[in-house]
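In what follows, a single structure is set out as structure tokens and then discussed.
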């Protein structure tokens with residue numbers, strides 16, 4: 001199978017490069033810029049992509065091994081990656097007079113395999129222009145030998161460069177972001193035409209390979225998996241069960257912070273429909289006791305994570321034959337974990353299920369989804385026969401409703417929130433947008449209700465009420481790195497509000513969150 005290697009110099013959007021490559025049905029992996037040349041050779045990439053990054057090429061701490069340019073494979077340098085390529089191969093990089101951040105238009109020059117025929121506009125003289133996204137201060141001021149300029153802007157005469165003979169290309173802009181309109185085509189052109197990769201990275205092929213790999217790893221030993229009801233653990237369970245059947249036992253911990261009827265749905269789908277062995281643990285009282293009195297969001301996450309591990313450890317200890325612990329770790333988790341280890345990533349919110357496993361568990365780790373992005377996990381779930389509605393549900397945080405209840409978590413609050421959230425989701429599913437023919441659940445990327453621990457005065461019937469408030473949140477995003485609040489129809493919001501206030505005793509006011517990300521995050525905690 002053909003593979004692309006992406007070396008990460010610390011850009012905030014490096015994952016998007018991998019996404020674009022995978023969209024061409026070509027397998028790729030993302031590794032740190034300082035990956036030893038011996039490991040690069042062992043990986044045997046068909047081509048290499050150098051990411052952008054926040055640093056200057058003059059900082060010696062951020063240099064890849066220059067021998068990568070001697071491997072005889074095409075290389076694409078993006079932003080910092082272009083500057084590193086230019087400097088390493090004998091060109092010059094200097095601090096620019098003008099910094100370029102945001103939208104820019106580049107003018108294509110000469111013919112190149114990378115850009116030929118791609119344009120967003122053409123001027124009267126017949127010159128092609130591309131709309132791109134820039135984010136740089138330094139710039140290339142002298143090309144290395146063998147290179148020619150293939151694009152320019154008024155303030156950046158070398159906006160893109162190429163050495164066609166060696167298959168080396170550099171672009172000062174970011175083709176991986178959606179703001180660069182033809183960026184995906186550029187990356188696909190590099191991967192498929194310049195590098196000559198075959199588009200063989202498909203779900204049927206992946207399933208066959210994964211099943212074979214799991215059987216080779218596990219042999220006749222037993223595996224346990226913590227089933228949360230979320231997409232990742234559910235798909236991991238279905239894949240492992242296809243590979244080894246009854247050698248898999250799932251432990252489903254109901255911490256009392258799940259969505260309405262979620263526990264019942266999980267048991268029906270896995271235990272009854274798929275025939276997976278599932279141990280159902282009712283642990284609501286344990287979690288509520290540990291969370292009592294705690295209001296800090298980060299501490300709540302850690303309490304929920306620690307308690308989940310404790311309960312899971314206790315239950316899995318009863319399965320004395322288990323030698324493997326399976327997890328629904330996906331590729332972004334792996335990338336973020338690696339970034340944290342090298343101090344290149346800042347902790348925004350801690351992941352309750354990454355890292356904190358007991359050291360004395362003595363179990364080998366099985367992570368069959370660790371090479372997949374979220375959209376690929378969903379495709380895999382459908383290919384494995386999981387219900388489409390379940391696989392394409394909106395994201396749900398690991399700590400569940402624990403971080404959608406502001407402040408202290410109580411059973412009373414969770415019960416109210418569960419009902420309100422279910423009504424909101426039902427109204428989204430039942431309301432169809434006439435322009436697109438899709439319902440509003442499909443048109444939003446994530447939607448949920450948030451419980452606010454404040455009371456407001458209301459009037460119901462002839463009496464005064466003093467009850468709780470819930471906020472509704474719905475966003476639209478392509479990558480969850482930025483998001484816009486969803487402009488839902490007033491009629492939909494009105495129905496949802498009316499139903500929540502009338503059907504959920506204890507709530508008398510509903511508000512809608514119109515904050516984008518940034519400055520707000522999608523979740524409230």
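Backbone N, Cα and C atoms are what each Cβ position is placed from, and that goes for glycine too.
For 79, the entry in Swiss-Prot reads active site, nucleophile, with the evidence type sequence analysis. In this structure, residue 79 (active site, nucleophile) belongs to neither helix nor strand by DSSP; it is coil.
Positions annotated as active site by Swiss-Prot: 174 (among others). Listed in sequence order, 13, 52, 78, 79, 132, 133, 134, 135, 180, 183 are the same-chain residues six or more apart from residue 174 (active site) with CB atoms under 8 A from its CB.
As annotated by Swiss-Prot, active site applies to 176 (among others), with the evidence given as sequence analysis. Taking the Cβ of residue 176 (active site) as reference, residues of its chain lying under 8 Å away and at least six apart in sequence are, in sequence order, 13, 14, 16, 17, 19, 20, 78, 183, 187. A coil conformation is recorded for residue 176 (active site) in the three-state DSSP classification, outside any helix or strand.
Marked as ATP binding site by Swiss-Prot on the basis of sequence analysis: 228, 229, 230, 231, 232, 233, 234. Listed in sequence order, the residues of the same chain lying 6 or more apart from residue 233 (ATP binding site) and placing their CB within less than 8 Å of its CB are 225, 226, 227, 327, 328.
Taken from Swiss-Prot, the feature domain 'Glutamine amidotransferase type-1' applies to 3-200. Averaged across the domain 'Glutamine amidotransferase type-1' (3-200), pLDDT in this predicted model comes to 89.
Marked as domain 'GMPS ATP-PPase' by Swiss-Prot: 201-393.
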Cβ-Cβ distance under 8 Å to residue 234 (ATP binding site), same chain, at least six residues away: 227, 266, 269, 270, 328, 381, 386, 390, 391
For residue 234 (ATP binding site), the three-state class that DSSP assigns: helix
Lowest local Cβ density (other Cβ within 10 Å) among recorded positions: 79, 231: 231
Under 8 Å by Cβ from residue 229 (ATP binding site), counting only residues of that chain that are 6 or more apart: 252, 258, 262, 263, 265, 266, 396
Under 8 Å by Cβ from residue 230 (ATP binding site), counting only residues of that chain that are 6 or more apart: 328, 396, 398
Least buried by Cβ count (within 10 Å) of the binding-site residues 228, 232: 232
